[in-house]
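Each remark here refers to the structure printed beneath this line.
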Amino acid sequence: QNWAKFQEKHIPNTSNINCNTIMDKSIYIVGGQCKERNTFIISSATTVKAICSGASTNRNVLSTTRFQLNTCIRSATAPRPCPYNSRTETNVICVKCENRLPVHFAGIGRC
């Protein structure tokens, strides 16, 4: 995965996330199945990108900034469109950095 895909998957252009709508996009369908969960970072790409600015090697980095997060969690195994629940929180995030760019969302609260 690269920075462009990371942005597409995790940095929406809106703060108003409707999990049932957004998670039906093809990027969240894996092998014909709905993705179990996905976390959206409600922030600018520039702010998220800054997490990796000091990462000289390819590794996981914990942000010093707390981000507003919206996690969509599949609530049932059903045919598309799959039903999702939404969980919002504010916390630090862990991302995998490659070439000083976030490429993978690794976790919430710790690395």
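Every residue, even glycine, has its Cβ placed from backbone N, Cα and C.
As written in Swiss-Prot, here are the features:
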- His10: active site, proton acceptor (ACT_SITE)
- His104: active site, proton donor (ACT_SITE)
- Lys5, Lys35, Glu36, Arg37, Asn38, Thr39: substrate binding site (BINDING)
- Cys19-Cys72: disulfide bond (DISULFID)
- Cys34-Cys82: disulfide bond (DISULFID)
- Cys52-Cys97: disulfide bond (DISULFID)
- Cys94-Cys111: disulfide bond (DISULFID)
- Gln1: pyrrolidone carboxylic acid (MOD_RES)
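Taking the features listed in Swiss-Prot, we show where each one sits on the structure.
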residue	record	DSSP (3 states)
Gln1	pyrrolidone carboxylic acid	coil
Cys19	disulfide bond	helix
Lys35	substrate binding site	coil
Cys82	disulfide bond	coil
Cys94	disulfide bond	strand
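In this structure the residues listed as binding substrate are Lys5, Lys35, Glu36, Arg37, Asn38, Thr39; their two most distant Cα atoms lie 18 Å apart.
Summary for the disulfide-bonded residues Cys34, Cys111: the Cβ-based neighbour count within 10 Å is maximal at Cys34.
Cα-Cα distances to Cys82 (disulfide bond) place Lys35 within 10 Å, out of the recorded positions Lys35, Thr39, Cys52, Cys111. Here Cys111 (disulfide bond) is compared against the recorded positions Lys5, Lys35, Glu36, Thr39, Cys72, and the shortest C-alpha distance is to Thr39. Recorded residues Lys35 (substrate binding site) and Cys19 (disulfide bond) have their alpha carbons 11 Å apart, per Cα-Cα distance.
Sequence-distant contacts (6 or more apart, same chain, Cβ under 8 Å) of Cys72 (disulfide bond) comprise Ile17, Cys19, Ile22, Met23, Arg37, Asn38, Thr39, Phe40, Tyr84, Asn85, Ser86.
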